[in-house]
Structures are given as C-alpha cells and as structure tokens.
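What follows is a single structure, written as structure tokens, with notes after it.
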Amino acid sequence: MLEKYYDKDADMSAISSKTIAVIGYGSQGRGQALNLKDSGLKVIIGLRPGKSWDLAKSEGFEVMDVANAAKKADIIQILIPDEQQGAVYKTQIAQGLTKGKTLMFSHGFNIHFGQIVPPADVDVIMVAPKGPGHMVRRTYTEGKGVPALIAIHQDVSGNGKKTALAYAKGIGATRAVVFETSFREETETDLFGEQAVLCGGMTSLIKAGFETLVEAGYAPEMAYLEVLHETKLIVDLIYEGGFTKMRNSISNTAQFGDLTRGPRVIGQESYLAMQEILEEIQTGAFAKEWMLENMVNRPVFNALTRADEEHLIEEVGKEIRATMPQFKDLK
C-alpha cells in the first residue's frame, strides 16, 4: 500500500525561507502559485511576455523571464506542457539550476522518459495534485484541498521528502491526503488512465454507442442523451461510492444489463488492447511517438482533433446544451 501523509506530517518551515519559481501560469501554475502565496511562501513566476504575464502581475506576483526566475529561485517548479518542458529546460532553466537547488514537477513524463536529465547535485521531486488547477485553487479557498502524489527522483540534500510534503501542504493537498509513489509509477499509470479509460477509452466508447444508435435509425438527440449526457450522472455515483453505490442507485433492469452486457462490450479484445497500450507506455514507444509528432507540427494530432470536432455528436451536443439552463453560464 502507498504511504499516506496529512497536515500533521508536513512542516512548512522546510521551505519557508526559500524562493519558489513557478514556471508557467496556466491552470496548474496559477492554482499552485496562488495557494503557495496565500500560505505565506515567497513565490515568483517565470514566463514569456503575454496575457499570462499581465495576469500574474495583476494577482500580486513578481514576474520575470524563465531564465531569471530559475537563477533567482531555490525551488523551480515546471508547470508548462509536457512537450515544451525539454526545450525550455535546456535553453532557459538548466543554467540557473545550480548545486543545492530543487527541481520540481507535477508529472513525471520528462524525467522518466529522459527528455530532461538534471545534474547530479540537485534534488528532483514531484508534487502532483490529482485535480485540475482551478480545483486546486477553489478547494484551498474553501479550507479544503485536492489529494496529491509526491515522488522523489534525486535526494542529494536528504530533505527531498520534507520539501515535497511542505510544498504539498502549501498548496493545500495535505488537508486531503498525499500519497507517496515514484516517478515511474505516476507517469505510466497516469498515461494509461488517460489513454485507456478516462479520455481515450471513454470518448471512443461514447462515440461508438452514439454511432450505433444513429445508424440504427434513432434520433441523434436521443442517442446523445442516452450515451453522453447521462454519463456524468453515473460517473458521479461511482466517484462518490464506487460501483456498489452506482448499482444501488439504478434500476434492477439497468444493473442486470450492466452485469451481463458490459463484459461483452469491454471483453477480451479490449483487455488485450489495454495491455498493448500499457506496453507502449512502459517501453517509451508512446513518448517517442508524441515527441516526434511535436517535432513535425502535429499532423496526426491536428487531423484527429479536427475530425472529432466535426463529429455529429459535437453538433448535437451544442444544440442540446443550449436548451439546458445549467449550461448557460459555462464556457
């Protein structure tokens, strides 16, 4: 079982005298930086000029270019997209990452797959909130927190875990729970979850169900409501109480269909595909494919994204959501 940590296990004094540079001010960067600042820690923001620069300044941060932030900071937390981190590290961070500093991540991709190779005289740690940046911020302001993972890749100082736990406390994660894992385990399980279940698996399952009903002559609106709109209702029940709560909340007819038909949809063929996907992650084949895709301006990524944006389910979804009051204020 994974080790668990809470507020009582974390001491903010481990980083209270240090300067933390948050590189990036997107969803995670903004959420983490604001929480750290509100926890009384010294935070600077490393960015290139643009809207995020102006936003960070307006929210009370000292903002500078990435290279200067890396030089000035004791702890450097990289919170820009995975595919950008390697180049930014080499050109703007590495020179300022001097002996005794701490390099941080919220996802292990670039360390685990060798896109970033830090010097041997720095600590390399991870604090990975298990929720988007706006949720990290919102729960903090409510006096709660989002669970997080910590991992230690290099612990030259001997204080890597203390630093990670203190940072996790600074963003509010120890108010919930913090689990200790490894860079390898976090990276591989995170990618697998995204590809096979949460994003890739779910969207493909929904599209297949939608297409099956539409091709059989059912109204696209009915297909959308049955295979996409109601997904949230079921997922929320599973999230709150596992499969048991979900099954206790649906009809006996639905539960019988779930138990007898579900394994026919996700059967041996799907299981074998999941094993293959996991192997591609473990061997680095997926990481290589993704890095190469970015080097040639993402032709596959862009084509597949456009195709899904033009799918009938998206058109129908926009029309249906426009009729529902709960979606009026959502962007």
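Quick reminder: no glycine exception, Cβ is built from N, Cα and C everywhere.
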Record says Tyr25, Gly26, Ser27, Gln28, Arg48, Ser52, Asp82, Glu83, Gln84, Gln85 bind NADP(+). Source is Swiss-Prot. Which of Gly133, Gly143, Gly145 does it list for that same site?
Gly133
Output the one of Arg48, His107 that, of all these recorded positions, has the highest number of other Cβ atoms within 10 Å of its Cβ.
His107
Just how spread out is the NADP(+) site if you go by the largest Cα to Cα distance in Å among Tyr25, Gly26, Ser27, Gln28, Arg48, Ser52, Asp82, Glu83, Gln84, Gln85, Gly133?
20
Let me make sure I understand the structure: which of the binding-site residues listed (Ser27, Gln84, Ser251) has the fewest other Cβ atoms within 10 A of its Cβ?
Ser251
For the domain 'KARI N-terminal Rossmann' (2-181), what's the mean pLDDT in this predicted model?
98
Distance from Glu194 (Mg(2+) 1 binding site) back to Ser27 (NADP(+) binding site), taken between C-alpha atoms, in Å:
18
